Amino acid sequence: MSNTEVGDIWKHFFDRPRRNYNPYMVKLNDYPKYIMYDKEIMDSYKGKWNEYFGNKNPIYLEIGSGSGNFANSMCEKHPERNHMALEIRFKRLVMSAKKSEALKLENILFIKRRGEEIVNFIGEEEIEGMYINFPDPWDGKEKNRILQPSLFKLLDVILKKEGTLFFKTDHDGYYSDVLKFMEKMDGYKVVYHTSDLHNSPLIEENIQTEFESLFIYKHNKNINYIEIKKTK
């Protein structure tokens, strides 16, 4: 079971009287196989996500999965992996699940939850790798960025030793800042980075996100990429 049964899904997310009803919120229940939004049920699987997927395959986590192109393509390409994708917007979750259903995927789950809550529902060393693709760079408010030293306190818990964080951004400053603070990050090591992913040896294996395609073909923007390995 992915979510508890409620008479009115509005009451699951909001305490205030109903208004501005998002039609995609109701559609979450059309895809119980692919969308989980019930925090109580999520938390009950902490340390037991392989039981949820019904196998012992490695689990990868994506934060901010957008409309699900990357997640679905990754799962289609790697059926030997399980993929958990976090997204908070109703429409994006529904669009993502619709694609998963069309592909008949068995190794993917979209979760309506914020990234800072991952230790509440993911157990110790339960994740093989994490993907963060094109997060908000928060220009002028860099303290709000998801990829900063505080994130690694969470990875200390959930990421397996030798696990990998994969990061893409079109923002050159964000890329430089991550490389700079990683020089002092104990227990983690940058094992690969490039300021031009699409002209690197990794391009053959690269799976594009929706934003990535836009940046490349419409704006002709270079894509920055970093791989960070957990060493302790």
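Just so you know, glycine gets a Cβ as well, placed from its N, Cα and C.
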Binding-site annotation, TrEMBL, substrate: partner of THR209, GLU210, PHE211, GLU212 in ASP139, ASP156, ASP170: ASP170
Matching residue for the S-adenosyl-L-methionine site, where TrEMBL names GLU62, ASP136 - out of GLU40, GLU87, GLU116: GLU87
Around the Cβ of ASP136 (S-adenosyl-L-methionine binding site), the count of other Cβ atoms that are within 10 Å: 13
Long-range Cβ environment of THR209 (substrate binding site), under 8 Å and at least 6 residues apart: GLY66, ASN69, PHE70, ASN133, PHE134, LYS168
Secondary structure of PHE211 (substrate binding site) (DSSP, helix/strand/coil): helix
Taking residues GLU62, GLU87, ASP136, which bind S-adenosyl-L-methionine in the record, the widest Cα spacing (Å, whole number): 15
